[in-house]
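Asks: This is the structure, below, for whatever I ask next.
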């Protein structure tokens with residue numbers, strides 16, 4: 001296909017290798033382009049502003065980028081990132097809510113059609129370019145706002161995620177007492193039912209509430225009735241737990257991947273040791289089998305509900321940590337030829353198995369709780385999120401035969417899982433800032449980011465903090481991340497080009513991309529995500545905290561602002577880029593703005609020269625076929641170009 005034909009800026013199959021020339025350079029009377037005097041730089045591909053040429057030169061002369069000490073560190077870091085709190089407290093409850101065993105069917109389908117393709121894509125982008133989630137958009141400069149939106153979403157999630165880890169540390173410290181404090185009722189609690197079956201209720205109980213719930217809401221959170229009167233002052237012991245969590249995270253990230261890579265072994269493997277111990281000790285409890293059967297028993301009617309598919313998509317995104325920039329960031333520290341395909345398949349498969357293992361463990365505990373109370377499993381499940389982690393689980397643990405041991409193991413596992421994911425989220429922001437200010441020592445930048453994170457987190461440890469947490473999670477987490485995922489896949493495959501990326505993968509990994517990946521990336525994945533996003537917008541209902549509290553109008557406005565600010569970063573970036581590359585001709589400006597920069601490609605000068613030659617050879621072979629636009633799209637989707645070689 002001709003260059004004019006394919007580089008329209010919005011074609012999914014856009015073939016725009018960096019060596020293609022701007023048509024304006026061939027006009028009669030146009031000055032001849034000057035060639036670089038640097039012997040290891042290829043001749044300039046098109047007429048671009050001086051600052052873009054400098055970006056390419058900076059990559060050649062930039063200080064060497066940090067790398068993992070070995071391939072295992074990358075794998076362990078990805079496992080520690082993707083296997084987090086979402087696997088333990090979110091997956092079992094979401095599965096139960098959406099059909100039990102029947103939920104596993106849409107979950108597995110979404111995993112293969114959305115989760116694995118997105119995870120593999122982000123691994124490829126980071127490793128191929130050795131760039132963070134913002135600078136990776138040199139593949140299409142106008143879409144750079146996507147990277148900033150992801151970094152903002154990452155910041156939203158990190159701001160409250162560390163607070164949850166702090167709560168885990170608080171419960172862990174309380175677990176060493178001879179009597180678990182949430183297992184018994186305090187004298188001032190009315191209608192309290194002690195979680196410890198050996199303790200007696202205080203006074204007459206009518207419509208009782210478990211001591212675990214009252215302990216969490218009244219003692220730990222000191223939760224207010226709403227935020228109309230303000231949030232209140234930070235609670236001192238939660239502030240100390242928050243500070244301790246940030247100190248732990250700082251120690252791990254202080255030296256970048258040099259330190260976090262070493263910690264990844266413990267952060268990735270230790271939770272499995274605890275999880276397996278909990279699983280073995282759980283399945284032998286009376287009633288555990290009933291709880292597990294309840295978890296996996298399918299409710300087939302749920303498969304026809306769009307809510308179930310929406311839940312499957314959001315769970316996959318939340319669990320794998322895709323589209324937050326973390327996976328791109330970690331893979332950017334890989335060696336250029338590392339088998340990232342194998343790593344992506346290992347992590348995504350292990351993440352799913354971990355979710356199932358935690359589901360069996362959690363519902364085994366709840367089954368035992370139902371057996372102790374002579375009630376049904378569905379009556380003791382309670383609510384999801386923080387309620388499930390800090391009310392239902394502690395309530396169930398208090399009824400086990402060794403409550404202190406179960407409690408220590410459970411909250412230690414939760415804390416380690418949370419720290420692993422928090423390290424990845426902070427490292428993502430850290431890398432974006434450090435790449436923007438490369439002369440600032442890593443330890444200073446890490447200290448600054450941790451300090452800012454701690455100060456922001458103080459909002460969540462106030463009596464009204466949980467109300468804010470729910471708002472930020474709903475608007476700044478779920479919606480924004482899903483939006484970023486859609487824009488990311490459009491920018492990579494519909495603008496940079498599906499065939500272009502598959503050629504990059506073939507050059508880097510020596511693997512020809514199969515039709516499965518091509519069809520997912522080009523059609524199936526974006527279609528599913530767009531449908532789910534539109535469904536979420538159409539079926540939107542006002543967020544209710546705990547299912548009962550209606551936020552004041554200012555709360556909903558603040559939530560929407562969190563979302564809108566992130567979304568606006570994309571169109572603002574497009575407009576600024578169009579202005580930066582303005583030529584007087586709108587079509588030419590459009591091409592320059594969305595076409596990959598000269599600096600896009602492998603970081604190594606030697607690899608870059610070989611890659612440019614490889615891409616040019618592939619282009620020549622395509623042009624010999626001279627396909628129509630529709631044929632070209634079809635060939636890109638099924639990989640016909642590369643099969644002809």
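Note: Cβ is positioned from N, Cα and C throughout, glycine not excepted.
This is the feature table in TrEMBL:
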- 1-17: compositional bias 'Polar residues' (COMPBIAS)
- 1-47: region 'Disordered' (REGION)
- 74-92: transmembrane segment (TRANSMEM)
- 83, 87, 319, 417, 421: Na(+) binding site (BINDING)
- 104-126: transmembrane segment (TRANSMEM)
- 147-172: transmembrane segment (TRANSMEM)
- 235-254: transmembrane segment (TRANSMEM)
- 266-296: transmembrane segment (TRANSMEM)
- 308-332: transmembrane segment (TRANSMEM)
- 344-366: transmembrane segment (TRANSMEM)
- 405-428: transmembrane segment (TRANSMEM)
- 440-462: transmembrane segment (TRANSMEM)
- 474-498: transmembrane segment (TRANSMEM)
- 519-538: transmembrane segment (TRANSMEM)
- 558-579: transmembrane segment (TRANSMEM)
Asks: Starting from the Cβ of residue 421 (Na(+) binding site), draw a 10 Å sphere and report how many other Cβ atoms land inside it.
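Replies: For residue 421 (Na(+) binding site), the 10 Å Cβ neighbour count is 27.
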Asks: Most CB pairs under 8 Å with the transmembrane segment (344-366): which of 74-92, 266-296, 474-498, 558-579?
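Replies: Between the stretches 74-92, 266-296, 474-498, 558-579, 266-296 has the largest tally.
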Asks: Before we move on, state whether the transmembrane segment (147-172) and the transmembrane segment (104-126) share at least 3 Cβ pairs under 8 Å, counting only pairs 6 or more apart in sequence.
Replies: no
Asks: Taking residues 6+ outside the transmembrane segment (440-462), which of them lie with a CB under 8 Å of any CB in it?
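Replies: Distant Cβ neighbours of the transmembrane segment (440-462) are 158-160, 162-163, 166, 231-235, 238-239, 242-243, 246-247, 249-250, 253-256, 426, 429-430, 433-434, 468-469.
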Asks: So around the Na(+) site, 83, 87, 319, 417, 421 aside, which residues have their CB within 8 A of the centroid of those CB atoms?
Replies: 81, 82, 84, 85, 86, 88, 321, 351, 354, 420
Asks: Is it the case that the transmembrane segment (308-332) and the transmembrane segment (74-92) touch, counting contact as three or more CB pairs under 8 Å in which the residues of each pair are 6 or more positions apart?
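Replies: When sequence-distant Cβ pairs are counted, the transmembrane segment (74-92) touches the transmembrane segment (308-332), since at least 3 lie under 8 Å.
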Asks: For the transmembrane segment (405-428), what are the same-chain contacts with Cβ under 8 Å, counting residues 6+ beyond its ends?
Replies: 77, 80-81, 83-85, 87-89, 132-133, 151, 154, 157-158, 161-162, 164-165, 168-169, 171-172, 175-176, 180, 245, 248-249, 252-253, 256-257, 260, 263-264, 266-268, 270-271, 274-275, 277-278, 281, 321, 324-326, 329-330, 389, 393-394, 397-398, 446, 449-450, 453
Asks: So which residues does the transmembrane segment (558-579) touch in its own chain, when a touch means Cβ under 8 Å and the partner is 6 or more beyond its ends?
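Replies: Residues 141-146, 148-149, 152-153, 156, 471-472, 474-476, 479-480, 483-484, 487, 543, 551, 589-590, 593.
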Asks: Taking residues 6+ outside the transmembrane segment (104-126), which of them lie with a CB under 8 Å of any CB in it?
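Replies: Beyond its ends, the transmembrane segment (104-126) has Cβ neighbours at 95, 132-133, 136, 139, 296, 298, 303, 308-309, 312-313, 315-317, 319-320, 322-323, 327-332, 334, 340-341, 343-345, 347-348, 352, 356, 485, 489, 492, 501, 504-505, 508, 517, 520-521, 524-525, 528-529.
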Asks: Given a Cβ distance threshold of under 8 angstroms, which distant residues of the chain, six or more beyond its ends, lie next to the transmembrane segment (74-92)?
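Replies: Residues packing against the transmembrane segment (74-92) from afar: 68, 161, 164, 257, 260-261, 264-265, 267-269, 271, 295, 315, 318-321, 326-327, 330-331, 333-334, 338, 343, 346-348, 350-351, 354-355, 358-359, 362-363, 384-386, 388-389, 393, 413-414, 417-418, 420-421, 423-424.
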Asks: When a 10 Å sphere is centred on the Cβ of residue 417 (Na(+) binding site), how many other Cβ atoms does it contain?
Replies: 28
Asks: Including all protein chains displayed, how many Cβ atoms other than that of residue 319 (Na(+) binding site) lie within 10 Å of its Cβ?
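Replies: So the number of other Cβ atoms within 10 Å of residue 319 (Na(+) binding site) is 25.
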Asks: Enter the number of other CB atoms within 10 angstroms of the CB of residue 87 (Na(+) binding site).
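Replies: Cβ-Cβ neighbours of residue 87 (Na(+) binding site) within 10 Å number 26.
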Asks: I want to check the contact list for residue 83 (Na(+) binding site): same chain, sequence separation of six or more, C-beta distance under 8 angstroms. What comes out?
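Replies: Non-local contacts for residue 83 (Na(+) binding site): 268, 271, 350, 351, 354, 417, 420.
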